[in-house]
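Data block below; observations after.
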C-alpha cells in the first residue's frame, strides 16, 4: 500500500542523517499521521502528502552523518523553544510506533508497520544551537515528542481530511514562572499512563466532550491527566479538588478520537511528559472567587474559562541527573532486559512489543517508563513509577513490578500445565483401562460381572442373610454394576455393600454354661463382691437349665473403680461370648447410635452396627459403658434410641438409618454400667436388671492389693523378684490415711508410685555397687602392673626394637581400608536404637515399705484426723453422709448462738450455711420447727426458741450437700444447744425427720457404716424402716458397731440424752430470760 511505502521511504531517508530532536519528532508524527489517516487508503493517491514534502525539505537542510554542528548560543525565551524542549525531545525520542488502539484489529485494511531500527534517532551530543537553526521549527507543548498537526475547519472526528495547515498551535511555558497556560484537566481511575506510550480513555461528560472538540478546533489538542487517589469516588470526568488526585500527572496530546457508541467519547492520547499540578480550577470555583480573580486575564487557552470543566496550570517536571555509567543503573537495566526477554518468550503476542522496548536500554528513563507501561501492575504502584524522578528508584520500582508479574505468570503457567498434565494422565489411564477391559472380554479371561462385587459375593456365601437384607444387597449390587466406573455414586454403593456384608448375619458363638468354670473366672479376676457373683451365676444357671440365654439387659451400678467393666469381661469369658464395648461419654446425637442416612456425604452406621462388625458374631456381650453419662437434657433422641435397643420385645427388628434393613439384636447380651442410677431416665431404667456393685471394705482392699495390685505394679516396674516388700500394716495405713474412697483406682495409683520410687532407689544402689567394684578392679590391675615390672637390658631393648618392622605404605593403606568398614559399622550402630538390657538386681537388695517410711514414697498423709471433736460442745451433732461416688463420711452439724439471749434483740431466728441445696435446707427448716414444738411439749419452761438467734453450719462448705438424711442430726444439734448438753462423740445418726417427729428411711447404709467406723463412731442410730438391710451387709462391716433402729425422734432423744430430768431441762435459760424480761420492761417504761 502507498501508505506503507511512504513511511518506509521516509525512514530510509532519515537513516542517512543526524537530525535534531525536534525534526525527528516531526518526522515521526508525519509517519504516524500517514498511517492513521484513512483517506490515504485511496488507491488513486499518486503523490506524497504535503507533510512529507515539507519534512523532506527540512531533511535536505540537515548535514549528513558525521558532520554534527557545534553548540551555539543558548536560545532565548521568546523563541518558544526552551531547554525543557530539548530535554523532553531527547527523552521521548524514538517513539514513532504510536498505533491507535482502535486500529489494532484492522488487519485487513491497514498493514502493521515494520519496526525499523533506523527510525530511532540518536540525540546525544546534539546542541541547542542546532535546534535554533531549524527554520520554521516549533515545539508542540513545550518540546513534547509528538509534533503539532495541521488546521481543521471541523475536526469532530478523525475521519475529516487534513490539509497542510493542520499543525497544532505552539503552547510554551512562561519564561518567568515556568508554567504552561491552563490546560484541560481530566481525572483517570484506571492505571495512569507513562510518557512514551499511547493510551485510551472514555469520556462521558458532555461538557468535557464539548471542550475536547473546542481544543481540537483551536488546534491546541493538549490536556493534562491526573490519577485519582480513591477509585471508589463517583464516576466523573471532572476534577473537583486538588486533594482528590495525585500531584504528579502527565501532559498529553490527542492523537485520535472516536465515538464507539452514543454518549461515549473515546480519546487516544499520547503522554508527552510528566507535570506537577500548580493550580486547579473546578466548575464550582468558576462562579466564585476564582473567576473574579482571573477576570481580565488573557492567556492562549482562556476560552476554557467559559466551559464547565476543570482545567489546571501545570509545570513540567524534570528527571534528576543521573550517570549512565553507574553500575547500579546498568545492573537494573540488564535485569529488566533479562526479565522482559523471559516474558517475551512465554507470551508470543507481546514478543514484538517487548523487542521494541528492549531497544531503549541506552535510555534508562524511557526504558523504565516502557516497562511500567507494559506490565499489568497495581495502579498505585504505576503512580509511584510516574512520581519517581530519580532514575535508579524508577528502575527499581519497575523491576519490582516486573518480578511480581513474571512470578504470577509462572504460577499461572504451572497451574495450567499441571491441570493439563493431570487431564492427559487421566485420559490415558481411562483409555488403557477400557482397552484392557475390552481385550479381556474378547479373550474370555474375565466374567462380565464387575470385579468389585465379587468380593461381596464371596462374603455372602458365609452369611445367612434375611430375605430383606438379601433383597437390599441384590438391588444395590445391580445398581453398582450399572454405574460408570468413574461415577461418584459407585463409591457410595461400594461402601454400603461393604457394611452390609460385614454384619455377622446368622453367625453365633456357642454359649458355655459351666457354673464351676464361671465361678473360677470370677474369683480369679475379682475378690469379694459375693452378691454380684451370685447374681451372675444365677443368670448363667438359668441359661444352663433352659439351654439358651435370651438377650438380657443387666446394669451394674456402683461407685467408680469397683470393677464393673472387668466384671462384664469376666461374664463374656464365662459364657464364651465375644466382648465389645461402647462408651457413652460424649454421645449427644441419636445418629451416633442409629447411624446417618446415605443421603449425607460421609455417612456411616451407628455404634451398634459398628460393634456387631467388630464382634463378628450376632450374639456378643455388648457393654454399654457409663450409660448414666448420656446427657438427657441435650440428647433425648439418643436416650430414646436406647429404649428400642435395650427392649427385648423390640430389638429383634432394630433398623439402623444407614443399613436400612432390620437387624436382630435379641441374642445380644447387653450389660450396662452406671455410677448413679438417678441420671438414667426412668423408662430406660425399667428395662434393666439392676445389680449393685458396692464399694470395697478395708479388708477387701488389703486382699485385692496383695493379690492383684502389688504383683501387677511389680511386674510393670520389673521388680518381680521380691525386691520390694510392702507389709500388710503399710497397706492398711495407706488405705486409711490416703485413699478412703470405695473404689480401687487411687490405691492402684499410689502402689504404682511406690514401685516407681523403689525402682529408682534400687537402680541407684546397683550403680553405686558397680562403681565401687569397678574402682576396686582398676586399683587391683594397677597394682598388678606395678608389681610385675622387670628390668630389661639395653641390648634386649635394642634387639626388640630392631625386630619390629616399619609398616610399608601399602600395608598402611590396606589397614586404613580395612578400618573403614569398622568405622561405618560403629556409626551405624550408634544411629540404630540400642536395645535396653534388663538390669540384673542382686538378691540381697531389698526395700521394705513400712508405715514409718510410707510418706517417703507417697508424700504426707491426706487424712490426719479421725474426728473433728474429741469432746464436742453443745450444739454439735455427728451425722452421716453418702456421696454418688460411693463414699460414706461423717457430717458434722454445728449450731451456735450469735448473741446471748439477755443481750440479743429478743426475736428468734435461724441462719443455715454450708453450701446446702434445696432439699437439705428444707430438712433444716423442718428440724427447727420440730425442735421448737418438742421443747414446748417436753420442757415448757425452757423458752430458748422464743428469743434465740441461731446459726447452723455444715463444715466443708466447698462441697455441695443435699438430701434429707441429716434431719435427725439437725434436730439433735438444735435440742443439744437448747438444753446446753453435749452429744456423745461416738454416736452418729442418719434419718429423715418429719414435722411430727417420725424418722423415715434413707439410703447408703453400708457406706455410712464404713464412714462412721473411720471416724471412731461405734454407735449408729438409723431408721427402723431399713433395718432389714443390715442382713445383707457383711459381718466385717458391722463388726464393732452398735446399731440402734428408731422409728420416732423420742427414741433418738432417749439414746443421746439418757437420764435427763424435766427440772434440769427447764432451768437452763431462766437467768438469761429474766434479764431479757427486765430489759423489755424498762424499754416499755421509756
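Heads up, the Cβ atoms here are built off N, Cα and C, so glycines get one too.
In Swiss-Prot, the feature region 'Disordered' is placed on 767-788, out of the ranges 723-744, 745-766, 767-788. Range annotated as region 'Disordered' by Swiss-Prot, chosen from 800-835, 836-871, 872-907, 908-943: 800-835. Mapped onto three states, the DSSP output places residue 565 (ATP binding site) in helix. Between the alpha carbons (Cα) of residue 565 (ATP binding site) and residue 1008 (active site) lies a span of roughly 25 Å. Other residues of the chain with a Cβ within 8 Å of the Cβ centroid of 558, 559, 560, 561, 562, 563, 564, 565, the ATP site, are 556, 673, 675, 693, 743, 886. Residue 1008 (active site): 27 other CB atoms within 10 A of its CB, across all protein chains.
In space, 558 is the closest of the binding-site residues 558, 561, 562 to residue 1008 (active site), judged by Cα positions. With the fewest other Cβ atoms inside 10 Å of its Cβ, the least crowded of the recorded positions 558, 562, 564, 565, 965 in this structure is 565.
Sequence-distant contacts of residue 563 (ATP binding site), defined as residues of its own chain at least six apart whose C-beta falls under 8 angstroms from its C-beta, comprise 526, 529, 693, 744. Taking the binding-site residues 559, 561 in turn, the residue surrounded by the fewest other Cβ atoms inside 10 Å of its Cβ turns out to be 561.
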